[in-house]
């Protein structure tokens with residue numbers, strides 16, 4: 001027998017009251033985006049659960065994708081059979097013979113949403129349990145905590161059987177907590193910060209600063225590949241490439257070396273905030289971890305934050321590097337993050353950066369530059385690409401855009 005569908009149960013949605021259907025619809029769309037790499041799979045959702053109809057797709061591959069989607073508590077692969085007692089008996093026997101191992105206990109759990117069916121739930125449990133004893137004479141029934149709990153559901157259109165429950169990712173459906181702009185450098189920390197924001201339902205857009213010719217096409221692709229890894233948790237993500245060469249050259253020419261990193265980060269924060277405003281974001285998210293590098297001391301954070309009133313979320317701020325690496329390996333971003341491409345935060349990094357920069361000093365050095373003009377030109381030059389779980393589709397779309 002082949003699985004016909006996957007029954008998906010929701011996570012924290014039960015607490016959302018009147019907004020429940022908005023959350024469910026968002027989760028359905030996220031599941032559809034993530035499973036778009038399996039064209040034959042169709043997804044539906046109602047108030048109680050969602051269903052992914054396999055239509056011949058490989059269950060194992062689809063299940064691996066579903067495990068990553070935030071907002072799912074658990075799911076079960078399901079067999080669909082004709083709504084007939086004899087067909088059900090045969091199906092139950094086949095399933096049990098396939099999964100039973102010596103010494104296992106079992107239980108039949110039946111329920112009917114179609115109350116016109118010829119047997120009620122108790123009678124169905126007895127009838128199907130008897131069929132199991134016929135097929136496996138030595139099997140033992142056990143009502144509490146059996147090894148196999150074979151669930152049977154009678155609906156109007158058919159009967160459905162399942163015995164396995166797979167744990168989901170939990171969290172909230174991506175997009176139900178508003179939008180945030182993720183400052184994505186290409187290192188280890190920022191993708192992990194993005195992942196943790198996604199888990200709490202934040203719809204992220206990835207803002208990446210590129211400084212060609214100092215940064216290479218490889219560095220840009222690395223950031224896009226990291227973004228693609230994050231799409232498996234909630235669907236498509238907008239990738240925003242910001243031209244940053246002019247600003248970095250201006251900072252290098254007009255500011256002392258000790259303040260290069262502080263001023264660079266202040267410009268990045270201004271630009272990200274401007275993009276956030278245009279694209280209706282609510283917060284800025286970054287991968288800063290307290291004390292990890294010179295720009296991540298409390299004094300540096302204060303000096304950099306001074307250019308915006310927008311809330312800055314730092315999901316990894318209290319984590320040790322090894323804790324961050326553990327998550328990066330778990331979500332499969334680590335190997336990409338350590339690829340040897342320099343990003344714009346490292347190309348002009350000073351040997352001895354200021355660890356306790358003063359806001360008044362930063363403002364004094366910025367007064368030598370046309371700050372507003374530099375920011376406006378950078379924002380005007382952004383390029384936006386929608387990153388999907390399907391790399392080939394993105395590449396074809398980019399090719400078409402280039403031709404046009």
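Along the chain as shown, the residues are counted starting at 1.
From the backbone N, Cα and C atoms, a Cβ is placed for every residue, glycine too.
Bear in mind that the values here come from a model prediction, so they are computed numbers and not experimental data.
Here Swiss-Prot flags 60-165 as domain 'THUMP', drawing on sequence analysis.
Residue 287 (ATP binding site) falls outside any helix or strand according to DSSP and counts as coil. The Cβ of residue 287 (ATP binding site) has 25 other Cβ atoms within 10 Å, all protein chains considered. Taken from Swiss-Prot, the feature ATP binding site covers 183, 184, 208, 209, 265, 287, 296.
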Other CB atoms within 10 A, centred on residue 296 (ATP binding site): 20
Neighbouring C-beta atoms (10 Å sphere around the C-beta of residue 265 (ATP binding site)): 24
Stretch-averaged pLDDT - the domain 'THUMP' (60-165): 95
